[in-house]
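Colleague: Okay, handing you the structure first.
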Amino acid sequence: MCENQLKTKADATAQIEVIPCKICGDKSSGIHYGVITCEGCKGFFRRSQQNNASYSCPRQRNCLIDRTNRNRCQHCRLQKCLALGMSRDAVKFGRMSKKQRDSLYAEVQKHQQRLQEQRQQQSGEAEALARVYSSSISNGLSNLNNETSGTYANGHVIDLPKSEGYYNVDSGQPSPDQSGLDMTGIKQIKQEPIYDLTSVPNLFTYSSFNNGQLAPGITMTEIDRIAQNIIKSHLETCQYTMEELHQLAWQTHTYEEIKAYQSKSREALWQQCAIQITHAIQYVVEFAKRITGFMELCQNDQILLLKSGCLEVVLVRMCRAFNPLNNTVLFEGKYGGMQMFKALGSDDLVNEAFDFAKNLCSLQLTEEEIALFSSAVLISPDRAWLIEPRKVQKLQEKIYFALQHVIQKNHLDDETLAKLIAKIPTITAVCNLHGEKLQVFKQSHPEIVNTLFPPLYKELFNPDCATGCK
């Protein structure tokens, strides 16, 4: 194929990617098996055809398939793939008829026009939002360190409160929220379109902060209060203090211990990891419950944000317990590398998680920054079925405002926040891959998942079991 043909094909693919995935609405990567899809749906369809998979739907065979819940029902996802024309025998883009290509380009133009209209509408909002953030340079959160330094000696966490339902990681006290999240009575309400922070050029860079003022109704006192509350909540709900992590840094699993992990059955190691993930999620739930702004959201939105974002926060927090010098992570009291998780049969998931942790560590985030970024990831207005997405969005904007100031105080690199925001799709992708791997594991070991996995884990990542497999 000559150079001009390659360029034409690349240009065509780039144009096609303007159209969202026809299956789940995520960002598409081109035409796969005859339909415009994302990489996730392409891989799902390929695996379903290779394995001649037979899926069943536990509900009424009319499950909604979108970016957030596409992994919840494989039957309905596959049926949607087939209904929209996905096929192993589908023609490739270059072999389409002129009529098919014209129809496709008309759709591309329609989406491009819609995006242009959205950008014009958002530009006014971007200017207003930039004004909200702008005075962080001159006013800042100067009192933040002064007020927190007296509470946390040497920047380390104070002892966890010995309240009922919460415990120190090494104590024998009960875990929080063992009963899981109450999802009864949730109505599926169509999410209204919202403003995407990441789509606005230079919004979070230093140069976008001029001599503006806070938007009406927002004060620096409020931003300061939110930041202090989030940082305090984070420090009080981390499984390990930084001091403890430093002490454990070179406590690594021995060769014999690593061999023991590798010789475990796939079922046993999956169960072990599910327990550890659930343990970490319980701390994230407690973190969220201590955030004042989060608790002011309606209960429906609190639950939806936790269900869709808790694992993402666990992944962000993982960087605290990751040693980039030898690529090891803290697991069951000692550090170990990727080879420890070989028995899972999910090397790609483990690789992605480790790569993300290493990349996040390279930014050398402080505890303040991890706290604020974690809360921004959790309190995300683009989650499906939120009742009050605008309220969630406003809270997230205030968190990003505080985070931007803290970053500018700690880093010479003006682009640290932009780099953090750019990592959010990777966080989502790793968590989606976890969901896909769990579904594959469940197909071959349904009884293990149904009877031995923690109830909270099942409720969050395997909702079919949470309701019918107690």
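Every residue, even glycine, has its Cβ placed from backbone N, Cα and C.
A quick note: this is a predicted structure, and the numbers were derived from the prediction, not measured.
The DNA-binding region feature in Swiss-Prot is assigned to 18-93. The zinc finger feature in Swiss-Prot is assigned to 21-41, 57-81; the stated evidence is sequence analysis. Positions annotated as compositional bias 'Basic and acidic residues' by Swiss-Prot: 104-117. Residues or ranges marked as region 'Disordered' in Swiss-Prot: 104-127. The domain 'NR LBD' annotation in Swiss-Prot covers 222-460, and the record cites sequence analysis as its basis.
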Colleague: Using DSSP, tally how many residues of the zinc finger (21-41) sit in helix, strand and coil.
Modeller: 3 helix, 4 strand, 14 coil
Colleague: Across the zinc finger (57-81), what are the DSSP residue counts per state (helix, strand, coil)?
Modeller: 8 helix, 0 strand, 17 coil
Colleague: The DNA-binding region (18-93): mean pLDDT?
Modeller: 84
Colleague: What does the DSSP secondary structure composition of the DNA-binding region (18-93) look like, as residue counts for helix, strand and coil?
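Modeller: Output for the DNA-binding region (18-93) reads 23 helix, 4 strand, 49 coil.
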